[in-house]
């Protein structure tokens, strides 16, 4: 071990742990959330059986009405006859995709991102990259890919609200 001029051996610096992100899984979850929001016709955060059927069809999963009703009955944890986005992700096995570490990182970044966002509440890849790179957990390329996966309209940015929702759902 090297000895600096002060005479004491230098201590090894802890390495920032790199985040391993399955971008395909993140993109899948993001597409489920976007489809959910598109089919939640009254914007109450819940989908009914007909809305669920349309949502599934939009994802290429055209199911007969009875299968959709069975799926809703199995996934409806609070038995209100509707599915929340969390219940949808559960029934679609999104929780088994191993994105918990990313979710924890994103949740810890939300307060700083709120202050980093522009006046319109929108985050670009550069804001996310700057913050997560400082946290030492994600490369700029990873941050750009995260934004791309979560960017529903393709403008290269996401709102703080969308970011917060995805962080909570992961």
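Numbering starts at 1 and runs along the chain as displayed.
Here the Cβ of each residue, glycine as well, is placed from N, Cα and C on the backbone.
For the Ca(2+) 1 site, Swiss-Prot records 40, 42, 44, and the single candidate of 34, 51 listed with them is 51.
Model confidence over the domain 'EF-hand 2' (63-98) stands at 83, taken as the mean pLDDT rounded to a whole number.
What surrounds the Ca(2+) 2 site, by Cβ distance within 8 Å of the Cβ centroid and not counting 76, 78, 80, 82, 87, is the set 46, 72, 75, 77, 79, 81, 83, 84 from the same chain. Distance noted between the C-alpha atoms of residue 162 (Ca(2+) 3 binding site) and residue 42 (Ca(2+) 1 binding site) is 18 Å. Proximity note: of the listed binding-site residues (42, 51, 76, 78, 80), none has a CA within 10 Å of the CA of residue 155 (Ca(2+) 3 binding site).
Fewest Cβ neighbours within 10 Å among the binding-site residues 42, 76, 87, 151: that distinction goes to 42.
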